[in-house]
Amino acid sequence: MNVFWFYLKRNFFMLLPVNTIIFLLLFTGVILLKALQVRIGEPFGIQALTAAGALFFVFVFVLCLAIAVEAIWKEWRKRTQYDWYAMPGSIHVKLASKILAVLGWQYIQMVLAFSLFLVMTLWTSGVESATRMIKGFEMLPVFGWEYLWALFISPISGILVVFLLLFLLLGIPRSWKKVGIIAVYIVLVWVFYPYISIKFEANTTVPYDSNPIVLFSQTSPWQMLIDTLVVVFVYMGVSVFLTRKLEL
């Protein structure tokens, strides 16, 4: 357990600089939206707030991916991958600590982004529009298993998919074989990761005309099951690659 906490703290503090930059980018985005609202000369309406919320969501999604990328890429950038790989502890402990560090920072950034979005909503819109937007969050408590999926299963599957791609890019010598393996992997992720139709199969307990966050949270049991299987199989793929195929 002491080894696990050592790696967890190491990875958490290693990601502090990039997360500081991410917060500053989010804060700058709020300032720019306020400047845009002042230039327009009137409070944002519900459509403008919805568009701003969508931009915030896309931005936070990309930044969460960037955190996962930084967790692996920084080891190679700082040339600490040899130390990380050779230090005491099993590969599962090292991998789990990286996943939890990334997940923890993603939670922190999502809470900060949500708080900044609320500040932006109250700062740039009229009382009526802000009230309508904030009231949409009242639908969230109706969810059950969706919280487990949204907070753990889906983020971890995304983190592992990014980790495996980074290990393939950085851990295989330059060759046509490397290009072929990465190309096949990207195609597989592109084709299968969205899960085609079941990715968008709605949960019938929530109407479609609700808040965009609620729409995002609408998920079927099939999707949760497949996401769980993705986590298991991709984790196995990453651990096997690290123990047998990784070249530092």
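In case you wondered, yes, glycine gets a Cβ from its N, Cα and C as well.
All TrEMBL annotations are machine predictions without curation.
The transmembrane segment feature in TrEMBL is assigned to 12-32, 44-69, 107-127, 147-172, 179-196, 222-242.
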Tertiary contacts of the transmembrane segment (147-172), defined by C-beta under 8 angstroms and 6+ residue spacing from its ends, are 64-65, 68-69, 71-73, 76, 81, 95, 98-99, 102-103, 106-107, 178, 181-182, 185-186, 189, 193, 217, 219, 223-224, 227-228, 230-231, 234-235, 237-238, 241-242, 245-248
With a Cβ cut-off under 8 Å, give me the same-chain residues at least six positions beyond the ends of the transmembrane segment (12-32) that come close to it. 55-56, 59-60, 63, 66-67, 70-71, 74, 101-102, 104-105, 108-109, 112-113, 116, 119-120, 123
